[in-house]
Amino acid sequence: MSELRGSWDEQQQSMAYLPDADMDTVAASTSLPDPAGDFDRNVPRICGVCGDRATGFHFNAMTCEGCKGFFRRSMKRKAMFTCPFNGDCKITKDNRRHCQACRLKRCVDIGMMKEFILTDEEVQRKREMILKRKEEEALKESLKPKLSEEQQKVIDTLLEAHHKTFDTTYSDFNKFRPPVRSKFSSRMATHSSSVVSQDFSSEDSNDVFGSDAFAAFPEPMEPQMFSNLDLSEESDESPSMNIELPHLPMLPHLADLVSYSIQKVIGFAKMIPGFRDLTAEDQIALLKSSAIEVIMLRSNQSFTMEDMSWTCGSNDFKYKVSDVTQAGHSMDLLEPLVKFQVGLKKLNLHEEEHVLLMAICILSPDRPGVQDTSLVESIQDRLSDILQTYIRCRHPPPGSRLLYAKMIQKLADLRSLNEEHSKQYRCLSFQPEHSMQLTPLVLEVFGNEIS
């Protein structure tokens, strides 16, 4: 009996932490959960005493509420009943009040035990435990960070901006110069592609060209936005810039794709709360420096880890590493790019986190050419605060663990990718037969990059 009482006390303590428990009902009933889930929820449960609809296990037996209460009252009063008939009455829902003796006998026969009935002290203790639990839950909820109405509005604005500048059908790709894939170049790039897809378990990588796929329908690019801007810089003559590049059959198509993506990045940036408060010169400086990084971020939506490619609709617009090599880029960019894409994909970001990360990337006060760094920093800090609050409120563990730090690390990785892209772009653009394939927008945005 002591073992039974001990196990019962343990059960009472665990039951006190069941959420949304009705205090009086739980305290009085001492109902048990269905053993091992043996009962199908869709099958009606029958009271073992009277045949009425059962509500669960009460005092170690499946009974209805009426028989549960009858047994509890009888045991507490130590009632002694006598059957007025032959002591073998059949108890039903309709006649269960007629013979209390046979009803109580039936309760005992199906396994109901008085040891499962709480004493008055236990009832009080249970009520106190339930009340304490509710108070703890209320305190926990009150201390939980919440997105303010203003913060939610910023997120909604960024989501709308992304949806307006991201065409998931990729229908505009048909307007680009068609992709031309050289079989010879493809064979040359096959080894490179296989190397890239081998061991990307924990690192991240990301691609400019895959990203263009995400750009969608915002407002058309305004060429004058980038005109008359003097961001001249000395040309870093490096050995790679003197390399003679072969025929690049994919360059025209991917140049159009990147140009299209730049337009979408501009459309997205113009809708970031606070961006239009900056001077036109600072807006241009931020866009020119961050465009390729945001394109890489956007491209993650179409990136597929199964074959390390960017799938943008039909097979014509499925881009592999070999396609990008046929546009003039080498594995010095593509290998870390794919690693970046894999790492970013594994973070399983919510769309809200993704758009906030893009906005934070654009609003970086340390971009070259930015004049009002204080204003840019204040806008970025606001976006960072919203991102951290969102993660605490809306991103459940374990995915939320160190998520903000991991996202910020992705921005650092993008800087390295940006620098390598600049080097390879210069090498490409210095050869007239290749630079003539680029669009005016690409030439304007990447032409004066500061690496």
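For all residues, glycine too, the Cβ spot is worked out from N, Cα and C.
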* Additional site residue, H329, H350, H395 [criterion: listed by Swiss-Prot with S261, R298, S302, H421 for calcitriol] -> H329
* For which of the residue intervals 83-107, 133-157, 158-182, 183-207 does Swiss-Prot record zinc finger? -> 83-107
* Structure fact -> Among C89, C102, R298, H329, H421, i.e. the binding-site residues, the one with its Cα nearest that of C67 (Zn(2+) 1 binding site) is C102
* To do: Sorry to bug you, but what's the C-alpha spacing from C50 (Zn(2+) 1 binding site) to C99 (Zn(2+) 2 binding site), rounded to the closest Å?
  => 12
* **Under 8 Å by Cβ from C83 (Zn(2+) 2 binding site), same chain, sequence gap 6 or more** => C89, C99, A101, C102
* Structure fact -> Per DSSP, the region 'Hinge' (113-149) contains 28 helix, 0 strand, 9 coil
* Structure fact -> Expressed in Å to no decimal places, the gap between the Cα atoms of H329 (calcitriol binding site) and C50 (Zn(2+) 1 binding site) is 81
* **Averaged pLDDT, computed only over the residues in the region 'Hinge' (113-149)** => 88
* **calcitriol binding residues S261, R298, S302, H329, H421: largest Cα-Cα distance, in Å and rounded to whole number** => 20
